[in-house]
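The following features are taken from TrEMBL:
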- 128-139: compositional bias 'Low complexity' (COMPBIAS)
- 158-169: compositional bias 'Pro residues' (COMPBIAS)
- 186-195: compositional bias 'Low complexity' (COMPBIAS)
- 204-215: compositional bias 'Low complexity' (COMPBIAS)
- 329-367: domain 'Zinc finger Sec23/Sec24-type' (DOMAIN)
- 406-655: domain 'Sec23/Sec24 trunk' (DOMAIN)
- 660-744: domain 'Sec23/Sec24 beta-sandwich' (DOMAIN)
- 756-855: domain 'Sec23/Sec24 helical' (DOMAIN)
- 876-946: domain 'Gelsolin-like' (DOMAIN)
- 100-232: region 'Disordered' (REGION)
Amino acid sequence: MSQQGYVAAPPYSQAQPGMGGYQGGFGTGLAQPLHGHYGGPPQAFTAPTTGKGLLLFISVVRMRQGLEQLQQVCTHQIVLLHFTSYRNCLASGPMQSPPLPASSVAQQPFQTPPPSAMGQPQMPPVLQSPHMSPHMSPQMSPPQSPPANMQMAGQPMSGPPMSGPPIAGPPMTGMGRPFPGPPAPGARGFQQPGPGVVGPPGYPQQAGMPGAFPGAPGGLAGPPQKKLDPDSIPSITQVIEDDQGKQGGTVYKTNVRGQVPPLVTTDFTVQDQGNASPRFIRCTTYSLPCTADLAKQCQVPLASIIKPFASLQKNETPLYVVNHGETGPIRCNRCKAYMCPYMQFIDGGRRYQCGFCNCVNEVPVFYFQHLDHMGQRVDFYERPELSLGSYEFVATLDYCKNNKPPNPPAYIFMIDVSYNNIKSGLVKLICDELKTLLENLPSEEGMESSAIKVGFVTYNKVLHFYNVKSALAQPQMMVVSDTAEMFVPLLDGFLNNVTCQLSHDPVPLLSSLLDQIPDMFADTNESETVFVPVIQAGVEAFKAAECSGKLFIFHSSMPTAEAPGKLKNRDDKKLVNTEKEKTLFQPQKGVYEQLSKDCVAQGCCVDLFLFPSQYMDIATMADVPSHTGGSVYKYNNFQVETDGEHFLRDLRKDVRKSIGFDAIMRVRTSTGFRATEFFGAIHMNNTTDVEMAAVDCDKAITVEFKHDDALSEETGALMQCALLYTTINGQRRLRIHNLSLNCSLQLSELFKSCETDSLINFFSKSACRAILNQPLKNVREILVNQTAHMLACYRKNCASPSAASQLILPDAMKVFPVYVNSLMKTAPLVGSTELSTDDRAHQRLAIMGMGVEDTQLLLYPRLTPLHNMDVSSEALPAPVRCSEERLTDSGMFLLENGHSMFLWLGQASPPDLIQSIFNLPSLAHLQGNMCALPELDNPLSIKVRSIINGLIEKRPNSMKLQIVRQKDKPEMLFRQFLVEDKGLHGGASYMDFLCYVHREIRQLLT
Ligand SMILES: [Zn+2]
């Protein structure tokens, strides 16, 4: 085959021994030789003591007698006890199946088939310059003369005189609104340096109050100034509405290089014509600066946000699967880029030039095709890899661990059965749900049943494994009480195909087991739990079964039992706003760090469902999920009645998500620039390979690019994201997303092609990473400085000359400041002792995995008036700006940000409205803890519930509906999401922030 004696490198050339690089990382020392040899004298029985007599208990204890190295027998002691009679059934049945032999296949790097044929030239797909949108310059208006319409383009208006009267200062008393709840003490906004102060602004500093600009002249002491008209500053809701009006309902074709797609909030259909859909890849700008100097000058980050498994709309075509046969996908010899629309066929189709590295490759014989008179292959439209931006390749054995086809993935449900979870009814809730949930496991399109195998573990201080092999008469339980070195006491029977179980068993063992689990532990007093051994058990189970998969862990307390990964309470609010605040976000190292690596190496994704009643060190506990493509769900003070449905919705969504396992991603670029930084729920073992134990349809990886060399306006810039993964059916695939961008020597082109929603995604993730290592104060400072710098650069280089007092913003970035301001008010970044450390850590980790839609919505929640909508219309009512000023006393508003959802009711809500929605005579009758609306048969009720249910269905997380009345205490929770106002926990109002940024810009320009 190899005509040139070409020795291929692995697909991801930097494979390293150890893990992840598919060299030595997989299949090393599979099951430890000690496992599976059970025998010896029975140990103390450690199983629970109640039940229905259907279950066998087996206690497996590892002895540490130094014999292990000499003798591989008798290292585990097993007691098989019948539940009711304590009948010993030593080491029979499942106990005797040894684990699979240790890795018997030599580690081999992936190999690439050599090229084998000659061809002729061909033109790449036609790429055009993007359509230019007209330059727009919304400006600040002076307090005395607000412009009639800020959305009018190109009319500079004078801004507030920054050295003159102070910006409308915050009122001195709390939030300036009567609230039964406590004001937020100690919260800090940022401080503005006084006039003439040069250098970095000194915010946030002490002595501030929420949202204050203490440094502004008179800002603290002076009386509030006449307010600027809030309608005069750029509005996100307006931008969203305009784009929806312009591009909503249209078909977006991806055949134009550097084309800026519609906003994430706009409803449009994508037709792939050679570039990846914006659902898969979005960029901070679609026109890269040609040189590193220009990039440095404008400080606009060059980044892509890649969501490899993004859900498509129903009317969009799913990805085609391409099979290049046993030699695997065709790739460039030099840079390893996969066959794509950017390969230019030459020499009559016998050769092709790589668009990424310019290497000329021979076309394999089987792939040869003639070119037409335009130089295009005549099979252009028949081959997805030549004409589309996104498609999949069937991966050959070279792309599989140990050169063996993978097994289908497995899901293991691991339930904390300690006292709290039993008492709250959580365990029963989970077990009941699993019975139906397991019948709906995801399956490959076109397949009847799911190939996913499932297993069950319960745990507190010890772990209980369940054998539900269908040949058994009853489920068996095995207890592992030595958690120091975790192992799985059974292989055969632990992971099963549930579809068969549920439908074919006369008395399904699985249902029987799920019925029994809550009863078995009903009398437990055990409140201590382990955590690391639980994940280790999952990894070991996958290792033994030679598969990847996901662990669903339902856990409620900090793991304090004596075991690896035991944690101590290290929460310390005194660290907030100090240099050491970062330690609150840093995970404990050691065993947790190693665990993440082990999980990634095995393709073991960890999803955590947490039910805390107090601090549990989420920074550490969520470390493994955040490196394995997992999700963390948190239900504070969980109660089945009020939170049960919310949790179950999340669980159902999570289990059914489309997902790929054991994934490794590489982003290749054309010459001149390259990917340098990666942000996401990922693991990086080297500088280029993004490893994810799993990646689901909601996870996005943000990739930053840097220049290596100058880019050419003519050829533009190309990127190819290749994701190698295992499908839920156990097939190895390569998912390819290609995107071409423009390059320009004009900064105005870059600013025109910016996408604010993507920019803020990048800034959110980079800031959330930075707070691990830097004081929050610095991070916020950098955010503001960079914002000011970008806008100043635009002003200096792209805007027509105008008075310095005018704030001129690039049209594509005109609402960027409101997002940045909102970002600084998020829990992780705000630096408030009012917020729980766990909540902050949780949100920080969540942001790291978010796509553009999610950060957009998180930072600018949707506030929708529902009291005056047209109930006969299909359309959703238009949202209003996120500010208290938009609320009305007689109104009803829905607010959601993808994580929280509120129905807010004005104190003067008319009785007929309350009657229609709640079937109550007045607002005063409303109970505080309602979390769902009653199903009433009137048009308003039906419409409101349909809107709420639609949003819950649409978002990655299901949200719990919270109903708040104006001026009630819980309204505080709601008000923190009104991001245009001053932050409850600190942070400026949008208006004040914009004035501050303007001031910074003016300093930069002088
Ligand atoms: Zn190449």
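Keep in mind that glycine also has a Cβ here, set from the backbone N, Cα and C atoms.
Note: TrEMBL annotation is automatic and uncurated.
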Determine how many residues of the domain 'Gelsolin-like' (876-946) DSSP places in helix, in strand and in coil.
22 helix, 11 strand, 38 coil
The domain 'Zinc finger Sec23/Sec24-type' (329-367) - residue tally per DSSP class, helix then strand then coil:
6 helix, 11 strand, 22 coil
Mind checking how the domain 'Sec23/Sec24 helical' (756-855) divides into helix, strand and coil residues in DSSP?
69 helix, 0 strand, 31 coil
Tally of DSSP helical, extended and coil residues in the domain 'Sec23/Sec24 beta-sandwich' (660-744):
0 helix, 56 strand, 29 coil
